[in-house]
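I have placed the structure first, in the form of structure tokens, so that the comments after it can refer back to it.
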Amino acid sequence: MLNKLIERENLSFEESYELFNMLLNESEMRIAAYLVALQTKGVTADEIAGFAKAMRDNAVKIDLGEVTDTCGTGGDGSKTINVSTAVSIILSCFTKVAKHGNVSITSKSGSANVYEALGCKIPETPEDAKKSMDKTNFAFLFAPKYHPALKKIMPVRNELKVKTIFNILGPLANPANPKYQILGVNSPDLLDNVAIALSKVGGIKKALVLYGDGLDELTPNGTSKITEYNGKFETYEVTPKDFGLDYAKIMPCESPDESAKRLIDVFSGKLNEDRNFILMNAAAALYTSENASDFLDGVEIAKEAIESGKVLKKLEEIRNV
């Protein structure tokens, strides 16, 4: 298959699935060759889907029932608060959330970093994650604990210091096999391919793949692009006005501790620039998980959860598991 990639020929879903499993037993030199050849050619939806399905199949198994995930590819280079973590906690007031996360890639506040800064403990085992889900409707799945098969590949990625298909795979490889997913990407070119790949991995009922003018979140100060999958695909653009919200500045964030403090400020009802950023993305997640009829409804539901104290109470429940 290496020659095929060098000749810039695309792989099928089946070939990509096979290649992932081959890489687990290859030398570091050949792993690097495959990853660079694939990246140079440009990855397709079938290749992303094949790798993601193989990554899930090689993951530590966990059954949490019908869950939603909110995460992004990262790698957008932004210094923002960790919106997806805020959204996942709000969403868990209404439905089961399995947050598949890791430490920071390029931001100042990766989801695992912020989760711990909020005073929450990352579950050590699938049994601990199930306990958290049963008690709180929320479980944090720390990616390295569920993908031990990647131990051989990760050093190669780090040594290469270039983007590879693995920069895309994290959100597609949640071992809990979410039925609903909101997934941010760091380039508009990835929208359709990632949405198609997500549909091919299997099990997804509804998903939003989104890009927010340089962010892997919906942006509160410009236009965002969304590819929605609900048995069929639809691509459209949105602004804060579609959510009934005013435009808001994106304020830089310098650390996980700062991100955690600012999330708690919003959860406490503070009216600031972060609030609309979080409300917009929470509304999209509520809509995706079928807990809101549309984006406007989602904003009102999220607002009520914050203003009634439900979200702060939920955070306290998660802390105390």
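For all residues, glycine too, the Cβ spot is worked out from N, Cα and C.
Annotated 5-phospho-alpha-D-ribose 1-diphosphate binding site per Swiss-Prot: GLY72, 75-76, THR80, 82-85, 99-107, SER111, in sequence order. When secondary structure is read from DSSP and collapsed to three states, THR80 (5-phospho-alpha-D-ribose 1-diphosphate binding site) falls in the coil class. The number of other CB atoms found within 10 A of the CB of THR80 (5-phospho-alpha-D-ribose 1-diphosphate binding site), across every protein chain shown, is 21.
The feature anthranilate 1 binding site is assigned by Swiss-Prot to GLY72, ASN102. Contacts of GLY72 (5-phospho-alpha-D-ribose 1-diphosphate binding site) defined by a Cβ separation under 8 A and a same-chain sequence distance of 6+ are given as SER84, PRO171, LEU183, GLY184, VAL185, ASN186, ASP216, GLU217, in order along the sequence. DSSP assigns GLY72 (5-phospho-alpha-D-ribose 1-diphosphate binding site) to a strand in the three-state reduction.
Among the features that Swiss-Prot reports, Mg(2+) 1 binding site is placed at SER84, GLU217. Packing around SER84 (5-phospho-alpha-D-ribose 1-diphosphate binding site) is summarised by its Cβ count: 27 other Cβ atoms lie within 10 angstroms of its Cβ, all protein chains included.
What Swiss-Prot records for ARG157 is anthranilate 2 binding site. In this view, ARG157 (anthranilate 2 binding site) is surrounded by 18 other Cβ atoms within 10 Å of its Cβ, with every protein chain counted. DSSP assigns ARG157 (anthranilate 2 binding site) to a helical segment in the three-state reduction.
Counted within 10 Å of its Cβ, the other Cβ atoms near ASP216 (Mg(2+) 2 binding site) come to 26, all protein chains included. Under the heading Mg(2+) 2 binding site, Swiss-Prot lists ASP216, GLU217.
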